[in-house]
Amino acid sequence: MIKINFNWRTFYLLTIVFRFVFTLSDSYIHPDEHFQSLEVLTNRILNYSTNIPWEFQDDPARSLAPLYFIYGPLLYFIKFFKLNLTALQIWYIARLQISILSWIITDFCLYWMLPSKPERIKAIFFTSTSYITLVYQNHLFSNSIETLLLLVTILLIDDLRYVQESKDQDVQNLNKNKNLFYTGVLISLGIFNRITFPAFLILPGWFVMKYVLKHYVSGLYLVMGFFSTTALLILVDTILFGNINNVVAEPFNVSSYIIAPLNNLLYNARYENLAQHGIHPYYTHILVNMPQILGPGLIFFVSKSYTKTTPFLTVISGLLFLSVIPHQELRFLIPLLPLACCSFDFTLKWVQPWMLYTWYIFNIFMSILMGKLHQGGVVPVLDHIKSEASVQVWWRTYTPPSWILGSNSTETTHLGEKLNDNKFINIVDCMGADSKEVQQILQTISTNKPVYLITPIASFKHFDESRFSPVWNYTFHLDLDHLDFADIQPGLGVYQLL
């Protein structure tokens, strides 16, 4: 059993400082944090030349509406006032925005959801000290938005549960129509943000169903909230994707409208489509991803004391139903972190005081690894060489987000594709190709612009050093996908082809 003795306010304030430190760090966790956010919006609003992913092209499988609601005001503000900001500065501001939103909404929901001060302090403290909150939640993932939508939805559902289980007749008679309307709104927003959002709500949704079965009229408010929001989001997407003329011509033809979640569902329902993004064993979320999220916190989570609570049921719901889908990435589970922290139990007799320190060590290590080092040189390198016309050959890095260049004349190609030399900057994304293929590409590039090879310093040994001149390097970069324990030197280098 652990008795937590600390000045929690001091720790809490310290985590706020760390949150902003990691928000302004340059790590790059997954391509989707760029390619499903500002890579798309800066092209549409600021006219940047970017690499638009397939999800936002023909038959779009991603909704633009949530992105415009979250990041649109910032970008339109910059455009309207003609602010002379670099793309890197815009990135920092957008991340600060999501960081502050996360901080306010998460703490608010946990405070009002939990029944006592010790429970509130526990949940907020462990949520705030987790590397998921300090790092992942401050990146521009759709999962970061999903966390906030889920917390508010669960707060509303838990309130409905409280009304039903209260022994106070006055509480039972409270009108919760607004609550149900907002729940419908949030479910719709959650689905348009990520199609898997309902997976988190299947088990806690039982309390909504119980309430509606006793209050039939209230069910209409839930339906109205959901369908009115859905109709609005479909209309917004239809306008943004340029299909409004089809709607005017054929308003009763469903195919005239852009229904992004439906397109996403149809795409992901095909196994061969999921296989392009990676197939994982069905146990990956439960045995790999959740332990990686909680770390030593998994010890505190295994308890019978909280199994009937709404946060615990939400965690189990998300774990079970997302595990049915064979494509399983860690970030899909990050909305569960705050709710799992609500269910930590320190009253267990076998839990020892030293176990608490393993939580600190684990989260400090993971925060530095994922918040500073992981692919940490990609964005700084793009920012460093953005002002020079060039051909950039990237190897063994994540796909460089071209919007960081802040240019309206950029093109991204892959191995074997022809370069358009009229562009100011050409990016050749070689991903993890064989080094011989990269060498061949370097030999065949015909241009008057300087040609740069950008690769982890540890990987440069695959090339003839005499053919290159080192230009610049960024130390805080670690490539976990191509680790060579014989040479684990960190850093991302820029080498000019001679």
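Cβ atoms are placed via backbone N, Cα and C, with glycine included.
The range from 310-330, 457-477 that Swiss-Prot describes as transmembrane segment is residues 310-330. For N47 (N-linked glycosylation site), the count of additional Cβ atoms within 10 Å of its Cβ stands at 10 [all protein chains shown].
At the 8 Å Cβ cutoff, the transmembrane segment (222-242) and the transmembrane segment (189-209) share at least 3 close pairs (sequence separation 6 or more) and count as touching.
On the backbone, the CA of N408 (N-linked glycosylation site) and the CA of N473 (N-linked glycosylation site) stand 26 Å apart. The transmembrane segment (63-83) and the transmembrane segment (189-209) are in contact, since at least 3 Cβ pairs between them lie under 8 Å (pairs 6 or more apart in sequence). Simply put, out of 96-116, 140-160, 189-209, 247-267, 282-302, 282-302 has the most Cβ pairs sitting under 8 Å from the transmembrane segment (332-348).
Taking a C-beta cut-off of under 8 angstroms and a sequence separation of 6 or more, N84 (N-linked glycosylation site) has no same-chain neighbours. Residues 16, 19-20, 23-24, 70-71, 74, 123-124, 127, 133, 137-140, 144-145, 147-148, 151-152, 154-155, 158, 310-311, 338, 342 of the same chain lie 6+ residues outside the transmembrane segment (96-116) yet bring a C-beta within less than 8 angstroms of a C-beta in it. Remark: N473 (N-linked glycosylation site) has G377, I457, G491, L492, G493, V494 as non-local neighbours, by Cβ distance under 8 Å and separation of at least 6 in sequence.
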